[in-house]
Amino acid sequence: MHQNSLHSFQIRKNVGEKSKEEPAQMKEDILDIIGHDGLWQRGIFLWILFATMTVVWHFMAMSFYAPNLEYWCSRPEGSNKTVEEWKNVDLPEDKHCSRFRNQSTLYFIDESSKISSTSEVVSCDSWEYDTSFYLSTVLSQFDLVCERDWLVSLSTSIFNLGTMLSNVIVSHLSDRFGRRPLLAASIAISLSAAVVCAFSTSFVMFTTTRFFVSFGLSGLYTVSYVLLMEIVGPKQRSFYGVAVHLGWCVGFVCFPGIVWLLRDWFWIQMAITLPLVILLLTCWFIAESPRWLISQGKIKEAERIVTKATKINGNYLSNIDARLKMMMKTRKVDESKAESGTIFDLFRTPGLWQMTLVIYFIWFSGIFVYYGLSYNTNELAGDPFVNFALAGAVEFPAYFLTMIAIYSQGRKVPMIITTAIGGLACLLTYPLPADSWITTALLMVGKFCITASVAIAFVLTAEIFPTPVRIIGLGSAVLFSKFGSVLAPFARELGHATNLVVPHVLFGFLALMSGLLVLLLPETRGVTVPETLLEAGSRRKSIRKKKEAFKEFEMKRLLNMNRGKDISQKEGPEVIFQSRELQRRDKLVDLTKHSNRSDVPSENQQVSTVAIR
């Protein structure tokens, strides 16, 4: 927020105007009292890190609740045949979903031979499962095989549907009732549903309870992220915003170890639910957001929390009550001036609606491919536990390199490179066998790149949308991405119906399409976030104008070469383009000057922008 306001002031100063915004630079923020980063913030961060680790276990549980198991039609009651005798002699080639009728009377003289090919084949009505590793799974308990195997994908999709609804409902309720009450409510919902889920007696009961687990856990994740972004300073938000994902990575890598130790879905469910008990007991020690309290006029409660936080951080200040009241008054003034927008403004503004559609597609495809690759580890060659752990381990360097790339190379170039490499890695699996180790390696490269591109998408989206609709724009993009998570489980069904590499080709195609569409978006590194709808829309046009400036430079260069002259760097395409941009900014400043709307975002707006994740 401070950088945006400073840039707005500098533009006005450059065109010789006196800024009325200058006094606003001196206004105090809540973190100026508490401290922008200290022991108080780090303690809350560690709690949120633990919560994030718990969330991923439930999100990825179906990978081990419904693994690729060996199964076959069950033996008749009272049969004394061994499993191998039954499978080799009494069952047809498709021993999974069909059997011979009246096996006891249809033998050749040589009992080691197969039953006559003329014997009637019927569908199985019950199954036996390989228990050499998994003692019990959801797949075996509810017979989710043969004609019912698609129910596995349906259950996962319904689970992800719970996250979509939670993002809409819980985000609204947290703004109304506060962060801490919604944290407690979200944990309580997910905890109670997770315990009931472990005692499910039917597939419908299992899927329904899992829906409420996802609803609560998504609320926990969303509200925790909002709280974290509200208690750390602007300079620290980028670090904490990426670092919080380390909890997801750690949980991803550790989960196969939990499954390997327990091997029974009931005990696995109870084990990953236990941390929710710890979170519920400790969430009351997590302070309410002081920023939210001030926005609601609850000065006394805010003063109590701020006083405690300042002591923990080693800051001993006086007149906290008076300073908080002044902040509340300043905030009300900012809100009265703030320009408001709706989701319809995203599609009414020239230039902005095209970027909005591109961003929606990028989010949808990114999340679809991310979850598709995450859920697909059971189909890969090698140990499924090692594959799953690797799929989580590649996210560590992905986030680390993303932080370096966006600071040094900007947003567009790293995103284009990651989506292109990720897409090509997925496409290269097409001529390879699905159970090849090369296929596994290529898909891990794809997972690495897609993880990085999704992380960049958060930053790029927040910087493209203008202040009046930034919350709505980023929130709607995240919501649109949930359609990708709902559809991703059915990529497995597509592979079973066609070929196991077909989903990989689909992932690659969507990733490459995203990379190409990023070319239509403006670079946002080193550029102040747009403050008005008009300014945001004009930035897409600047891409075309920059190309025109380059063409103009090339024409001048060719003409002067024919005349035996050279063109200095002072006449290069960047200079031509920047000259035009200054003229455009002058016009924008003039429009802003005569507008009744304020183009300076409030601190609350800026925090909510990052928090929507």
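Placement of Cβ uses the backbone N, Cα and C atoms for every residue, glycine included.
Whatever TrEMBL says is automated annotation, not expert-curated.
It is 593-613, from the ranges 68-88, 593-613, that TrEMBL records as region 'Disordered'. Checking the ranges 311-330, 471-490 against TrEMBL, the transmembrane segment annotation falls on 471-490. Using the rule of three or more Cβ pairs under 8 Å, pairs at least 6 apart in sequence, the transmembrane segment (438-459) is in contact with the transmembrane segment (502-521). Note on the transmembrane segment (471-490): residues 62, 152-154, 156-157, 160-161, 163-164, 167-168, 171, 341-343, 346, 356, 359-360, 363-372, 375, 461-462, 464-465, 605, 608-609, 612-613 of its chain, located 6 or more positions outside it, place their CB under 8 angstroms from a CB of the stretch. Within the same chain, residues 45, 48-57, 60, 64, 224-225, 228-229, 232, 268, 271-272, 384-386, 388-389, 391-393, 395-396, 399, 402-403, 455, 458, 610, 613 sit at least 6 positions outside the transmembrane segment (239-260) and bring their C-beta atoms closer than 8 Å to a C-beta of that stretch. Same-chain residues lying 6+ beyond the ends of the transmembrane segment (182-205) with a Cβ under 8 Å from its Cβ atoms: 58, 142, 144, 151, 155, 166, 170, 173-174, 211-220, 223-224, 227, 266, 269-270, 272-273, 276-277, 279-280, 283-284, 286. Only residues 6 or more beyond the boundaries of the transmembrane segment (44-66), in the same chain, are considered here, and those with a CB under 8 A from a CB of the stretch are 137-139, 144, 152, 155-156, 159, 190, 194, 213-214, 217-218, 220-221, 224-225, 227-228, 231, 240, 243-248, 250-252, 254-256, 258-259, 265, 268-269, 272, 275-276, 278-279, 282-283, 286-287, 374-375, 377-378, 384, 388, 489.
The average pLDDT computed over the domain 'Major facilitator superfamily (MFS) profile' (105-526) stands at 86.
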